[in-house]
Amino acid sequence: MALCLGQVFSKDKTFRPRKRFEPGTQRFELYKRAQASLKSGLDLRKVVQLPDGENINDWIAVHVVDFFNRINLIYGTVSEFCTEKSCPIMSGGPRYEYRWQDGDQYKRPTKLPALIYMNLLMNWIESLINNEDIFPTRVGVPFPKNFQQVCKKILSRLFRVFVHVYIHHFDMICSMGAEAHINTCYKHYYYFISEFSLIDHSELEPLKEMTEKICN
């Protein structure tokens, strides 16, 4: 019997603490609107569209943080099964391998076990979304000129989490009864990045068949 999602995706399994929006802020209101649309059963293609009169960077910021939280939770659910022994390389099957580079500790693309790669990835994203110079939260403070480029990089790397989970841990996801939840999260993510052209579609090749199956 499938477990309820409350059991599968418990806060105890979150890979990183959830990033939250401050109540009373414009971004919090946008987040509530986006969540309400998701729960209403509307077509996800329509849910991701920019609301009239809203700033596109605010809308992108809200979704980047939300996807970080949700994908973080998904990986946290399978992380105990994603060990250095079971997943010695961060990959998506035999054809796709992801190497870590951050220009700091890892100045060159470096082959790493998936678990270590995920730790570095979540730390990297968390440092960006908590950086007021990149994701400003104060009223009247503008987004930096490279904001969308930063978000494209974040979303591109988050896609790799989907790749690894779908290809290497999907049987475990199914045994937990969480397949529908993750498919919905991926569809939401896919429609959002497509709506605003935030990822080159060539990067989506590893999940091409899955995307055609659940998103078309």
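In case you wondered, yes, glycine gets a Cβ from its N, Cα and C as well.
Bear in mind that the values here come from a model prediction, so they are computed numbers and not experimental data.
If you check TrEMBL, you get these features:
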BINDING   Cys82, Cys87, His164, His169  Zn(2+) binding site
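Sequence-distant neighbours of His164 (Zn(2+) binding site) (same chain, 6+ apart, CB under 8 A from its CB) are Cys82, Cys87, Met90, Ser91, Gly92, Tyr98, Ala114, Met118. Each residue in Tyr75, Val78, Phe81, Ser86, Ala114, Leu115, Val165, His168 lies on the same chain as Cys82, Cys87, His164, His169 and has a C-beta within 8 Å of the C-beta centroid of that Zn(2+) site, without being one of the site residues. Residues within less than 8 Å, Cβ to Cβ, of His169 (Zn(2+) binding site) and separated from it by at least 6 positions along the same chain comprise Val78, Phe81, Cys82.
Neighbour density for Cys87 (Zn(2+) binding site): within 10 A of its CB lie 20 other CB atoms from the protein chains shown. Neighbour density for Cys82 (Zn(2+) binding site): within 10 A of its CB lie 21 other CB atoms from the protein chains shown.
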